[in-house]
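Q: Take a look at this one; I'll ask things after.
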Amino acid sequence: SPGILFNTGAGQHILKNPLVVNSIIDKAALRRTDVILEVGPGTGNLTVKMLEKVKKVIACEIDPRLVGELQKRVQGTCLANKLEIKVGDVLKTDLPFFDACVANLPYQISSPFVFKLLLHRPFFRCAILMFQREFALRLVAKPGSKLYCRLSINTQLLARVDHLMKVGKNNFKPPPKVESSVVRIEPKNPPPPINFQEWDGLVRIAFVRKNKTLSAAFKSSAVEQLLDHNYRVHCSLHNTVRSFLISSTSVFCGLHTDFYKSKKLTLKSSMYQSFSKREIPENFKIAEKIQTVLKDTGYSEKRARSMDIDDFIRLLHGFNSEGIHFS
């Protein structure tokens, strides 16, 4: 398409090397029955090759000029009725049903698009995506690595991520200023039983200064205000069901007294205290409660840069069990 002036500011770098196109398609392991989602099809170099192998390609393109190019390319061929083009911003629209996503993404939407994909239901099989090299390396980074960050741990919580191949800048027209990489993202199905908003709230605080100890990271006044507000909301909601819970607990304990005796267990008042303690004393300080949780869980002197998914799950459980929430 010699007549088109590509908008590099909008991430328009067309993948021109057919060997790289074929390699991406091979790694996607496409099936004849597949519906494929492609974002940023450009002039259709990847699209046309996929149309030959699958049931349908749904191509999302924001630039009407490129939509015209893509339509022209398949017009009058047997591939035309297998292509559906959605015109608009993929971040602002609901994703359709698809089996796999294969795309040379506009790099500036990389992060929001990855999480839109990973939170999409129903599950898709896998995504084969082209990213800026450094972004790709962040996706696969492990604890202790310089590139390990919130993006790394959030992606790896929800998916298995593999770096497939490097792609040099000269494989694109016009060439970008950075090197690229292709990554496979395979969602974990079923997903981990974790509230992602809660999880991300915790991870966001920990990674603002990933080299600081968690004790220091949680001393920020903004963090303390947020968690104090959430704690008070949690307690007020808890108190609305308090009388019902206590009466239910009393019935349960009465019915099961013989069980506890037979097991030589004693019922402590802590079952009741766990509800009544939600009434906040006047001298309550969230800062002290936060530091107590960090100390009791053993993470007070740990740094986010070296903590893995299991560490953050334990820490989140420690906070939640004390009524401290992040969303």
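For all residues, glycine too, the Cβ spot is worked out from N, Cα and C.
Automatic prediction, not curation, is the source of TrEMBL annotations.
Quick paste from TrEMBL:
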type	residues	note
BINDING	His13, Leu15, Gly40, Glu61, Asp89, Asn104	S-adenosyl-L-methionine binding site
DOMAIN	20-189	domain 'Ribosomal RNA adenine methylase transferase N-terminal'
Q: How far apart, in Å, are the two Cα atoms that lie farthest from each other among His13, Leu15, Gly40, Glu61, Asp89, Asn104, the residues recorded as binding S-adenosyl-L-methionine?
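A: Across His13, Leu15, Gly40, Glu61, Asp89, Asn104, the widest Cα separation comes out at 20 Å.
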Q: Mind telling me which of the binding-site residues His13, Asp89 has the densest Cβ neighbourhood, counting other Cβ atoms within 10 Å?
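A: Result for the most crowded candidate: His13.
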